[in-house]
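As recorded in TrEMBL, the features of this protein are as follows:
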| type | residues | note |
| --- | --- | --- |
| TRANSMEM | 21-40 | transmembrane segment |
| DOMAIN | 42-75 | domain 'Connexin N-terminal' |
| TRANSMEM | 76-95 | transmembrane segment |
| TRANSMEM | 126-151 | transmembrane segment |
| DOMAIN | 139-206 | domain 'Connexin cysteine-rich' |
| TRANSMEM | 183-208 | transmembrane segment |
| REGION | 226-263 | region 'Disordered' |
| COMPBIAS | 241-251 | compositional bias 'Polar residues' |
| COMPBIAS | 253-263 | compositional bias 'Basic and acidic residues' |
Amino acid sequence: MNWGGLQSLLSGVNKYSTVFGRVWLSMVFVFRILVFVVAAQRVWGDDSRDFVCNTAQPGCVNVCYDHIFPISHIRLWALQLIFVTCPSLMVVAHVKLREGKDSKYIAMHEGSHLYANPGKKRGGLWWTYLVSLIFKAGFDAGFLYILYYVYEGYDMPRLSKCSLEPCPNTVDCYISRPTEKKIFTIFMVVSSSICIFMCICEMFYLICKRIQKTIRKKVVESHEMMARRSRSKSSVREDPTNTASIQNLCNVKTEEAPSEKKK
């Protein structure tokens, strides 16, 4: 599989990711894909060839190997890396869609933009980014559970018992380099757990930042409303010229009253 092509494809996600997203991407490529390609495939390369059981019964070794290793660790981790990295493509596709809409809008409206910054996490892109984080954490957690359920833990036993047909009786089976394989298994499990933790941290960061912006917007709107109310109250105040004219009219009436009495 061409992991370099996947890396070049996902490297553009860094432009739209937060700090936690950049750390997550570095963890995936350095501590998971690089270790998987360079070391893990070689460790499990001799898995079926060096699997030995103390019996000469034809077919017994194959049946016991299939029972002890229902799915290869290498193939399971390859599927996990594919499923975990694919949700990031949702964000890239959404940004490309925004850029296409923006270019069409510019052509129709003579230079005015539909999006000031197509990669800014607002509106639908914010939800797409959040959903991608949920998928990434969910896929990692699901594959960790599958590995734990299939192999009944993350241990790699040196000796395994097998009594399936066509084995004549309970036979002892041995795998090659169990300690080395156990170390790599624990390493991949720990790195997956750290990636899940980084996704959860990024989700909390996005949600808290969204809540903070909403509260700040409401505060600004309340201040603007109070300012408008104060301006409307000041405009309703009485005009001093009208007050003076009313006072002069009252004085004229009081002067005319005594002159009528004299007549």
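Cβ atoms are placed via backbone N, Cα and C, with glycine included.
What TrEMBL says about a protein is an automatic prediction, not a curated fact.
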DSSP-assigned states of the domain 'Connexin cysteine-rich' (139-206) in counts, ordered helix, strand, coil: 42 helix, 8 strand, 18 coil
For the domain 'Connexin N-terminal' (42-75), mean pLDDT (0 to 100): 82
